[in-house]
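Chemist: According to TrEMBL, the protein has these features:
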SIGNAL    1-31  signal peptide
DISULFID  C38-C53  disulfide bond
DOMAIN    78-214  domain 'Cupin type-1'
BINDING   N112, H117, E122  oxalate binding site
BINDING   H115, H117, E122, H161  Mn(2+) binding site
Amino acid sequence: MGIMSRSSMWVTVAVLVTMDVLPMLAMASDADPLQDFCVAYPSDKVVINGQPCKPPAEVTYKDFWSPALTKPGITKNPNLSNVTQAFVAQFPGLNTLGIGAARIDFAKGGINPPHTHPRATELLLVVKGELYEGFVDTTNKLFAVILREGELFVFPRGLVHFQLNVGNGPALAFAALNSQNPGTQQIAPALFTPEDIKDEVLEKGFRIDGKTVDFIQEQFRKT
């Protein structure tokens, strides 16, 4: 096949835009399913990008139902919060459907620390209490607000975000994410927990001294 001319390339781009193909590619998270459903059927012998499918003849309504988010999470921990996941590992029926959910319980003063979801955008609904929440974009601009019951906030995919309970009592929120396995990486533990990361990286990266690095590492490694 010959090299596409510049004029042909732009015609192709124009056609894709007209057909709404490029916007779909830009917004896509998980791959589109190729059948009605593919209930996860974990196997230690098969490794794929996702989960193998349960034989259709063995699938029942129970595969599409989950009580995963019905019970409050235990908030007796340093963050005074608890995230309960309903992703493909907890809810096999989500496999290939490009969606997941979570429940976040907060004790008074609790925080869901700064973190990212590398594979998903998150839409959060406050059910109880008041949460100060926001995200920071790639220019280090903060977008934050105090959310109350019934209000929504969206965290764009991959950006650092957080929630802090600023109400007078416990708080509760539910989140929907456009991935069956969005991934979660908390910023501070990711950098201060590994034992083989050079202290110099942390000292220079955060502009702190060695004693401060040692103190922070101790806090995260004992929890």
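Heads up, the Cβ atoms here are built off N, Cα and C, so glycines get one too.
Help me understand the surroundings of these features in the structure.
Modeler: Helix, strand and coil content of the domain 'Cupin type-1' (78-214), in residues and according to DSSP, is 22 helix, 57 strand, 58 coil.
Of all the Cβ atoms in the protein chains shown, 23 others lie within 10 Å of the Cβ of E122 (oxalate binding site).
In sequence order, V160, H161, F162, T184, Q185, Q186, I187 are the residues of the chain that are 6 or more apart from H115 (Mn(2+) binding site) and have a CB within less than 8 Å of its CB.
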Chemist: Show which residues of the chain containing C38 (disulfide bond), separated from it by at least 6 in sequence, have their CB under 8 Å from its CB.
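Modeler: Counting only residues 6 or more apart in sequence, the Cβ neighbours of C38 (disulfide bond) under 8 Å are G50, Q51, C53, K54, N95, T96.
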Chemist: Which entry in the list of binding-site residues, H117, H161, has its Cβ near the fewest other Cβ atoms, using 10 Å as the limit?
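Modeler: Among the binding-site residues H117, H161, the sparsest Cβ neighbourhood within 10 Å belongs to H161.
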Chemist: For the domain 'Cupin type-1' (78-214), provide the mean pLDDT of the predicted model.
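Modeler: A mean pLDDT of 97 is what the model gives the domain 'Cupin type-1' (78-214).
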Chemist: Determine, for the Mn(2+) site, the additional residues of the same chain whose CB lies within 8 Å of the mean position of the CB atoms of H115, H117, E122, H161; present them in sequence order.
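Modeler: In sequence order, the nearby non-listed residues are T116, A120, F135, F155, L159, V160, P182, T184.
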